[in-house]
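Swiss-Prot annotations:
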| type | residues | note |
| --- | --- | --- |
| BINDING | 37, 38, 39, 40, 41, 42, 43, 44 | ATP binding site |
| DOMAIN | 4-240 | domain 'ABC transporter' |
């Protein structure tokens, strides 16, 4: 659906700024793809290159089979009809009602009046604002304003929805509601969603895959569970530690440092179906080792369960080798602490 090849974006001036530095990505049709990074990482520039709002210095951007950097202004306008966009600060027209805001892109597109009315009411029902059709933005909460922004963005049936920090101005409860709505829209309409954010919650709750940006570059990319359960880049580890703490408490580390030949402290990481397996009981039953749980952390990445467990095992070397064999069979990753 979206292919980015060797993209570079440099802003001219007395001191040139390279906002995007040799980025290549492929975003699949129908997925929710997250791009996370700190302020100034290049996320917004990359997002704006996808709909042609920013012309790259070099590289290619393919959208739905079309290389958009070569398009004329008229061709680019036609392409943008396939792309909806929602913003951090809503960007609603204060002089228009909710209905009028959602109708605006359809009016510009020359849709017949009856078709506009029908479509606006459809999307307002989808976002849960049918009863607010005649209200003005000043009468709405932040979450309701963002729902209007989402309705406006999908009114013309786009294939792609670009989301620029859509929850950063919202409280935690409203953030959860907006994320749930975006996931529902993705499932019901099959729209490909690209969402940039600096909030880990956005990535862990709704994204299928993620790219981590730092200083204009993509430093890690992949399935959310793979990237965030096994991060290697320092910036990724910083983000992960805000929601998935893999830093063991000092008392556990101190305990692990008191070495004995008949015991080991292991850090186990597992995800998916393995997270629901009786791993500990199987180890004890099949190996005869004594096992103590020192630390644990469980949760979900989107709809995938994960677990992190620090355990201490007591037994001879042969039994401990059998423990490792079982963990390998179950695809549980282990690290000796």
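The count begins at 1 with the first shown residue.
The backbone N, Cα and C atoms fix where each Cβ goes, and this holds for glycine too.
Shown here: features listed in Swiss-Prot, placed on the structure.
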residue : record           : Cβ contacts under 8 Å, 6 or more apart
37      : ATP binding site : 43, 196, 198, 212, 213, 214, 235
38      : ATP binding site : 198, 214, 235
39      : ATP binding site : 198
40      : ATP binding site : none
41      : ATP binding site : 213, 214, 215, 216
42      : ATP binding site : 9, 19, 20, 21, 23, 213, 215, 216, 217
44      : ATP binding site : 164, 196
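Same-chain neighbours of the ATP site beyond 37, 38, 39, 40, 41, 42, 43, 44, judged by a C-beta within 8 angstroms of the site's C-beta center, are, in sequence order, 198, 213.
Residue 37 (ATP binding site) falls outside any helix or strand according to DSSP and counts as coil.
Over the domain 'ABC transporter' (4-240), the average per-residue pLDDT in this prediction is 94.
In the shown protein chains, 25 other C-beta atoms lie within 10 A of the C-beta of residue 43 (ATP binding site). According to its DSSP assignment, residue 42 (ATP binding site) is coil.
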